[in-house]
Amino acid sequence: MVSRPAMSPVSPVWPRKPNLWAFWVLRLVLLLSLKSWAEDALQHCTWLLVLNKFEKVGLHLSKDRFQDHEPIDTVAKVFQKLTDSPIDPSENYLSFPYYLQINFSCPGQNIEELARKGHLMGMKPMVQINYMYSVNFYRWEMENVQILMEAAPMRSTGYCPAEAMCVLNWYTPMPFKNGSVVSSVDIYTNGIGPFVSKKRFYVNMNGFLKRDASGKSLFAIGYESLVLKSSHFRLSKSRPLWYTVNHAPVFILGGFYDEKSILFSDSNFQDYVLLELSIDSCWVGSFYCPILGFSATIHDAIATESTLFIRQNQLVYYFTGTYITLFDKSHGSSRWVRVLPSECIKRLCPVYASGNGSEYVLALTTGKNEGYIHIGTITDGLVSFEMVPDGWSVCEKLPGKNCSIDWATYIADERNLLLLVKIDSGQFYLVNFNTEFKTLNILYKIPEFIPEAKELDFLVLLDTVTYTNTPMTPKGLFFNTLNNMLYIWGNFILQSYNREEFIFLADFPKESTIKYMVNSFKGQMAVVTENEEIWYFLEGGYDVYQVVPSQGWETYHNLQKMQKSSFHSEDESLVSLFFEDGKLFQLVYLFDVGKERLVKRLLPVGTLMEYNLPKPFTVVNQGNYQAISFTHTCPFKEIHLIDVPKKHHASRTESYVALPPLVSESLGFHNNNTLAVYQGLVYYLLWLHSKYDKPYADPVHDPTWRWWQHKTKDKDYFFYLFSNRLAAEGIYINMNAYQKLYNMSGDYGIPDLFFLDKGNWFTITVVLLSHQDTFTSSDSQGPTINVDKKLAIAVTIADPECLSVTVTQDVLLNRNAVINKIKVIDKKRCSEQGMIGRNIKKTSMMLKVLGAPGNCIQRTYLGGIIQGFKVVPIFIGCPPGKRLAFDVSYTIMHSEEINKHYFDCVIKDAEMPCFLFRDLFQPFFLVQDLVTGDSGSFLGSYVLKVVGGGRTLNTIRDYTEEEIFRYNSPLDTTNSLIWKTKVERTTEDKKFYIMSHESPGVEWLCLENSPCYDIIPQSIYPPEFFFKLLVSNRGVDNSTYCDYKLTFIVHIHGLPLSSKRTSFIVMVSTSFFIALVVFYILFCLVWPHIVKAWVSLRWRINNIMASESYYTYASSTAGFSLQSHSFEGPSRAGSKEDNVQAKTA
């Protein structure tokens, strides 16, 4: 018997060794194709993204602006056709008004061919949309939400010569959510097909558009100019881009010489328009406003979440956009509004960080109100200004008679106003004014001259410092709320950690004067000088680097021009400089003849610094020849982060996934109907998210759980119909493709943000791999004793009174590695209990490897990346994504245990089980984590109140504060308590009980003056009542920063009747029973006599009736006989009567 492999053919031929030449040929073809794609990748392919309206989907060249902010009802008819699908036809499916049209391009290649090639190879663009929460956390709860979608391919609806040659694009819905106007769109591939690097777009809502009578979109703030002239930029220098960081949906940029025009962009200058503003530009100069000339130039322009501010001469205007996802439509402006009409405003100062649910703008005055400042507050689109100080001037508190406030910055969370004040002698002061307590303090007297700091990187300004003859010329202030770093800048840079002691950064030359400063709020800063130089430095360090112009910039710029880059030119002008997601971007106008254009380009600081790095080397003898040995500028070879919390868990981001429905089309192309279904499903998914606020804990606290709860058992049947082309409309809806994600793949790297609740902590492990010579000394091959110093890491906490940090270092000599375990713990000191998003303490942690900043550059496909330095924001307070829920399942189980029984209502309701009045009621609660999917028992303290109630669900009413006190307080003396407990702990004012999971429970009372007293049954079932309960841990719980507030309804049945009504019922029942007994007794006694009397009466009646009948008969017979004799002859013999009569006679 011959044994063969399981898959060998059944034949008498022995198995032979396979010929592998064909395999190697195929492998070579595959490698060549991969090589060709690698070459394409080196050509820097990039994603393309435009916004399409719902009705324009499929039009290849269509492009729209994000003007409509309400869902539309356009998909209902399509969903009605989807029979035999898991959707509920009774639901009202809406859609979003826009699609995202996606494609990609590579230099020198046809876009249409690239798209077709990518689709046939299986490439699918993945789209992740991240929503930024609103500034006003009082109106909109802070939450971080993202949704991951897969783009669906669709052929263009335009003319094409052949089906295979049609223009191909990918589409996804463009969803939006209430409370958000800023959304970033990340696009990347599914890993199949051509390589296109991940790219981020900003698709923000535009609330500054209107429609004319014909329905055409127009700008409400001005008139769009179709031509961007080079003269606009020849005469204008670069200017700062001012906006509320992370929350401004549009950017505006003024500064065009003698023109009331601004650059406007709702995509972070991915595209833009030039607008001529529709403002009056009237001149109101007077004796109190010392401005010498008039100019139409827009000098200052600031963008906030909803409102734009501009300054022209001394006039200030604002325009509030129409954002119905943030506030009522009536808050929007119809025209520019002029504010502070009687003031002469010399400057607007931005406030980059919001606070207290509002945004702020500062207006500096001159003239009659010199020494005062106007604080503008923007809340829900409503603008108000307040002049401070009230009743006295800042100048009154400083030496000299007059002063001038040259710059101001506002720390909203502290309510501190930092002022750069110049007195009449020319001396500058740093002044702090507290807007809450109305106090003013002089923090620092700025030196008059530049310090002498030869051959030093920095200099601490003490009394022993010597100074040069160059005057200090302060120009402005900058404060970073995340690390408490304050900068004073001009022809110098001063930095301070405590606003009282300053460090002079000596690398910045005193010959240059800073024009403006920009910050990434991720540890990086850049400044632009009057000569358009760009300098760069890392916060917490002391080295300042000139990046433009520099040797590195010349090298990089020339290489780009050699590659014929469309972003570089021989003749160009810097328009502005700003950070976006930690990367530094330039807005540059290129003066190429016939191709003048404005471009947004990345300034690769890492690459420029790498080009600028020195190349130290030594010549060493190796035998008979000499060799060059380069010295490492970076102290480590590699750096790795391990044991890092997941990004979306640390940043408290709720993630959803929505994939397009499968279609039966042979090439996998979608059409308008299938995309409409995709729209409806995405809308319903986010609608479930927004409406998920169930007070009763579900078995699975996922918004999508109930969506498919009763349909999952039929999923095989639905797939069977689709696979056999029997599904309606040729669509298959995969229920697993619309769900919440708790563990995302590829979620690696250090998080961009950490949220810490009370006493919480997180750990990060940093592994530093050294070069071969790090662990050896110059004269010995053995390990040195200074390894920990060569590979040292520093951890700096911005607020050490709030956080504690420990670093544990392990040296692995055999691995040439140093492991640093970092643990950060909240000290429970710096935040107060509050709702989600409120009372947040914003701080940060900085990681820095000794000698790494500026010396360690990692080369990547996207350019050089600075290594060895990282700033991580930390928010201390109640983290988003946590909620309190009533654990009804465990409450019922525990009730059955302590009461030895559990009786539900006769008519059961699975959503709201009943509890018996006479049973002890001990509620339990869950803390549900909507980000991680975890849930656990709430072990803190809380206050329980009955705040409403009714006999039915429809008649529940809310009680007044007085009623709540009477119904719940142990101090009540009106006999109105609804419940009581044996708990002895109460609030400080003794008004309410403080309970916990260990409390003995609630005993229902329903006393005489309570609303549940003496409930009359409406049927044969016992009385019942619905209580509206409020549970809050505010002020009584020390286990969390979260102010949990839960309102839920408890259904109680078996309520007793009042004593009066009970007595009345007993009396009535007893009386009725006694009467019935007496009646029965009387009946039993009298009945025989009644029967006898009745019988006697019947006998007599019968006799009487019989007698009367007899006499009547007899008399009638006698009369008849006499009458017969008178008419007839004598009777015949033989008659008995005759014989009797004869005898008688």
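Cβ coordinates are placed from backbone N, Cα and C, and glycine is handled just like the others.
The structure displayed is predicted, hence computed values, not measured ones.
Among Cys282, Cys289, Cys403, the cysteine that Swiss-Prot records as disulfide-bonded to Cys344 is Cys289. For Cys1042, the disulfide partner named by Swiss-Prot from the candidate list Cys878, Cys905, Cys914 is Cys878. Look at Asn103 (N-linked glycosylation site): DSSP puts it in a strand. Each of the disulfide-bonded residues Cys45, Cys344, Cys905 was scored by the other Cβ atoms within 10 Å of its Cβ; the lowest score goes to Cys905. Note: the Cα of Cys106 (disulfide bond) and the Cα of Asn356 (N-linked glycosylation site) are spaced 47 Å from each other. Mean pLDDT for the topological domain 'Extracellular' (39-1061) in this predicted model: 91. In three-state terms derived from DSSP, Asn672 (N-linked glycosylation site) belongs to a helical segment.
If you measure from the Cα atom of Cys160 (disulfide bond) to that of Asn1038 (N-linked glycosylation site), you get 68 Å. For Cys830 (disulfide bond), the spatially nearest entry among the recorded positions Cys166, Asn178, Asn356, Cys1006 is Asn356, judged by CA separation. When Cα-Cα distances from Cys344 (disulfide bond) are compared across the recorded positions Cys45, Cys802, Asn1038, Cys1042, the shortest belongs to Cys802. Nearest neighbour of Asn402 (N-linked glycosylation site) by Cα distance, taken over the disulfide-bonded residues Cys166, Cys802, Cys856: Cys802. DSSP assigns Cys905 (disulfide bond) to coil, not to a helix or a strand.
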